[in-house]
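Take a look at the structure below.
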Amino acid sequence: MGFLGQDWSQATGYLIFCVAVFSMGDFIFGLDVSAFGGLQALPSFLNDFGVYNEATKKMALPTLRKSLMNSIVYIGRITGVIAFEPVTEKWGFRTLFIAICIVQLLSVICKLNITIGRVFGYVTIGTIEAAIPMYCAEIAPAHLRGFLSGTFVPIQTSASIMGSGVVRAMATETQTRGWLIPISIQLIPAVIGLAGVAFTVESPRWLISKGRHEEAVNVLSKLRTKEDVANGLPEAEVQALVHAVEVDRTIGSGTWLELFSGPVWRRTLYAAIIFFANEAGGNQFWNSYGPSFMVDAGLGAKSFTYSIIVSLAGAIGGLIGILSSDTIGRRPPAIFGSALLVVWDCLIAGLGSRPDITSNAIAQNVVVASFVLLIWSTKIAYASVGFIVCSEMGGIRMRKKIMMVGTANDVIWSFVVAFSTPYVMQKIGANVGYVFAAIAFIGLVFAIFFLPELKGRSLEEMDELFDNPRFKWGWQYPKVQTTGAGAAVAQVENANRAHHLENDDSKLDNEKREANIRVQEATWGNEDMRSPTTTKIHHLG
């Protein structure tokens, strides 16, 4: 057992390597987002792209140009989100990741024309936030899935700190290199990712969906421990996965219309609510209002320091969120973080709207601390849990489509909040915090009553889990006993873990025997469902 009770016995070096290579996509995301926010204040950038303002006697970006630079990128981001599902379904995660790295390299070159380059770059951003968590979820053992698929958040936030630091280092540079250097460092994760992807593996679940069963066995043999391989557990896992896929294909092909019908529509709605609560409940509050508050409160000179502190708090919060998701579950972090968001949003609104905010040091400090804790809380809550749950609950056929719905809502609400907040602030000022608090409260209610607890479940269990019965309160999901093909996958994954945790040989033999029986019942009970691979797979023990 490790930190917070985390079991690392199946975290092989090669598994971590594959996650690390694909996490270069998260670095791309973090560097891009943080770098451009700071670029707009750099003297070098303003000298090249700004115009002279007679009133202020300074260079400044024209309003239209600034608006285009900050808003048109959402076209690229939503394009990337939409492209994720069909591209991954046809060519797999590795091919998609290669495309991400190549497009990112081209976008950095194109950023010599800053607006066009950012549109290209944000195509990769949209794809990254859907693809990377899902790839990690599909290669991870069940009890590490929350941590590995959730690494997106702390890595992206850590990269933001790095990007902000580079921008800060260029704060006094007036030549073109002052803004080219922060942009050029975005080449680093793209080059590392492109060099490392050749040594990674494709998702075994994607290989199985394409009928490449033997390749899937080879992939799992690389990802799992030597002890598991010697005991035939990768073969058993593939056997269970093959049957789950074949059974699922008898139900349907997984069309887009299914997102809004039958047993799937509720999961579609959940994905939309999760990312609405994430962006509109707190994640965008700092981005939309934080810097303006610093200036209005006379703290503009300290804004860089506070930005670093906020990003660091976010990275720590994200790490806590993903570590706890595999031990205490997905629901507790979401409930805890959402409850705190309501508090911080209200504090910022109440104190930030005081007439004496520019001179009241105590109020200023409380608001700054609330912003820090706001980002810490949102990363514990839906910023981490959202990507974990949405990468899980789609089942076999609808997993990528559900993830696309979630990340599309993430993009849409990010744009809506960023676009509308300045106008709302003109009317009500810091009281906009109460609007964010109300949305955070909606997220809290959803987390308490509806957010499904999926800790320890196999990805293949989801359809049966959500359909038996169709409506359940969030806390009822752990009590559901699944019996179908997905349960066989879960049994094998749990047997893998038991093999490492249990030192009592007799109990270990029972675990393996029960898993073997479950796989045989699920897979061999229907002779018509047997694949050529099935006949080659041995018992677990």
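Heads up, residue numbers simply count up from 1 along the chain you see.
Here the Cβ of each residue, glycine as well, is placed from N, Cα and C on the backbone.
Since we're looking at a predicted model, the values are computed, not measured.
As annotated by TrEMBL, domain 'Major facilitator superfamily (MFS) profile' applies to 18-455. TrEMBL lists 12-31, 91-112, 119-140, 146-167, 179-201, 304-323, 335-354, 366-390, 402-425, 431-452 with the feature transmembrane segment.
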**Asked** Hey, which bits of the same chain come close to the transmembrane segment (335-354), Cβ under 8 Å, at least six residues off its ends?
**Response** 277, 281-282, 285, 289, 293, 297, 317, 321, 360, 363, 366-367, 370-371, 373-374, 377-382, 429-434, 436-437, 440-441, 443-444, 447-448, 451
**Message:** If contact means at least 3 Cβ pairs within less than 8 Å, sequence distance 6 or more, would you call the transmembrane segment (304-323) and the transmembrane segment (12-31) in contact?
**Reply:** no
**Surrounding residues of the transmembrane segment (91-112) on its own chain - C-beta under 8 Å, 6+ positions past either end** = 22, 24-25, 28, 84, 118, 120-121, 123-124, 127-128, 131, 134-135, 138, 183-184, 186-187, 189-191, 193-194, 197, 200-203, 206-207
**Complete:** Answer key: the stretch among 146-167, 179-201, 366-390, 402-425 with most Cβ pairs under 8 A to the transmembrane segment (119-140) is 146-167
**Item:** Average pLDDT across the domain 'Major facilitator superfamily (MFS) profile' (18-455), rounded to a whole number
**Value:** 86
